[in-house]
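**Q** Before anything else, here's the structure in question.
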Amino acid sequence: MTLAPTIIERLTRARGDLRMGVPVVLAADGRAALVVAVEALTADRLAALRDLGTAELALTARRAETLKARAYDGDLARIMVPADAGVEWLRALADPADDLRMPMKGPLRSLREGAADLHRAAVALAKSAHLLPAALVVPVSKGLALAAELGLTFLPLDAVAPALLRLSPLHEVTSARLPMVASDAGRVHIFRPEDGGDEHYAIEIGQPDRKAPVLARLHSACFTGDVLGSLKCDCGPQLRAALAQMGAEGAGVLLYLNQEGRGIGLANKMRAYSLQDQGFDTVEANHRLGFEDDERDFRIGADILRRMGFSAVRLLTNNPKKLAMMESCGLQVVERVPLKVGQTAQNAGYLATKAAKSGHLL
Ligand SMILES: Nc1nc2c(ncn2[C@@H]2O[C@H](COP(=O)(O)OP(=O)(O)OP(=O)(O)O)[C@@H](O)[C@H]2O)c(=O)[nH]1
Ligand SMILES: [Zn+2]
């Protein structure tokens, strides 16, 4: 093994670069482009990028739909950036915060010719860095030389694309006993992915028999609900009820998955909440931001359970997608255990939307 970073390590580096506003170089089939997340783009960098080539804006088709821009590349739109467009113009296209106040952003012209692969990877990278899914893409010749000269992260797409799809293996780092209100016999296990991404936690209650189906819950982080007692969702009460049921039965596993905001990150979830205050529901808000309604990867939960030695679960959930994902990852779901707690006047609409649009069971 060499000391040079692997493609996975360079990907992790690229996420940090994008969050700082530093360009990364994506390359495929002799083509290359400098890519910057719109959210972190500064006027200086925009000016420097313009010296290198013509800027294009990559957005998801979801965002393009709200902007009434054409998406010729399926899930993606490539928008031409006028020569006099500044950072504010780009931000306004990326961020729906002011859509209602300033609905007319166009006319927007979408690119139809040419390949969209670099743009698609740029948007996927921005998403995986929990940024708004919008990237400035500046095609350049000699991408590798430019990356070497400027010290930029260079990512060849043939290696990046499969790495973005693959689940990074998770390894247990450590565990410790934790007496809790729900049970004296608690133990917290920390799992860390090889790609330097978010850690996830398994809270084991008692000593569940590895040969029998375990009472399990895949809980996605919700800072507002779990910690602040938000009334906009049911996460906090679900978390506590799941632990309480495991405590009462004497055994269970709750996975606390750091997939805040259904995988879009807390900053984007707060953006979604602002949109909800403008009258959009939880699904519409995600779409206006350019996300799917659920961006979580439930393979993580299945992987952790398997690593802990479980092969069958009684899953506490109202979400059929979690059941399907478990089964497709080879974990047998012998029973769905409903988890209905925490209904409030403030979250009735949210829960109704999840049932109507996302297939949640009432
Ligand atoms: N994007 C977005 N995320 C939200 C919103 N409200 C809650 N969340 C997030 O939604 C997730 C809820 O996760 P879970 O309760 O595990 O999942 P679920 O899909 O509701 O399924 P079950 O609770 O198992 O039935 C958490 O990551 C929350 O942060 C919202 O309005 N928008
Ligand atoms: Zn919540």
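Keep in mind that glycine also has a Cβ here, set from the backbone N, Cα and C atoms.
Copying in the features that TrEMBL gives for the protein in this structure:
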- Asp294: active site, proton acceptor (ACT_SITE)
- Arg296: active site, nucleophile (ACT_SITE)
- Arg217, Leu218, His219, Ser220, Ala221, Gln238, Glu260, Gly261, Arg262, Thr282, Thr317, Lys322: GTP binding site (BINDING)
- Cys222, Cys233, Cys235: Zn(2+) binding site (BINDING)
- 174-338: domain 'GTP cyclohydrolase II' (DOMAIN)
**Q** From the recorded positions listed here (Cys222, Cys233, Cys235, Arg296, Thr317), select those whose CB sits under 6 A from an atom of ligand 2.
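**A** Among the recorded positions listed, those whose Cβ sits under 6 Å from ligand 2 are Cys222, Cys233, Cys235.
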**Q** Give me the count of other Cβ atoms within 10 A of the Cβ belonging to Arg262 (GTP binding site).
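**A** Cβ-Cβ neighbours of Arg262 (GTP binding site) within 10 Å number 20.
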**Q** Here are some recorded positions: Arg217, His219, Arg296. Which one has the most Cβ atoms within 10 Å of its Cβ?
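**A** Max Cβ neighbours within 10 Å, all protein chains included: Arg217.
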**Q** Determine which residues of the same chain, besides Cys222, Cys233, Cys235, have their CB within 8 A of the center of the CB atoms at the recorded Zn(2+) site, and list them by sequence.
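**A** Leaving out the recorded residues gives Ser220, Thr224, Gly225, Asp226, Ser230, Lys232, Asp234, Gly236, Gln238.
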**Q** Any of the recorded positions Arg217, His219, Asp294 with a C-beta atom under 6 A from ligand 1? Give them in order, or none.
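**A** Only His219 meet the Cβ criterion.
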**Q** Which recorded positions from the set Arg217, His219, Ala221, Glu260, Arg296 come within 10 angstroms of Cys235 (Zn(2+) binding site), judged by C-alpha positions?
**A** His219, Ala221
**Q** Between His219 (GTP binding site) and the residue listed as 'active site, nucleophile', how many Å separate their Cα atoms?
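**A** The separation of the Cα atoms works out to 11 Å.
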**Q** Which whole-number value in Å describes the distance between the Cα atoms of Ala221 (GTP binding site) and Asp294 (active site, proton acceptor)?
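**A** Distance (Cα to Cα, whole Å): 13 Å.
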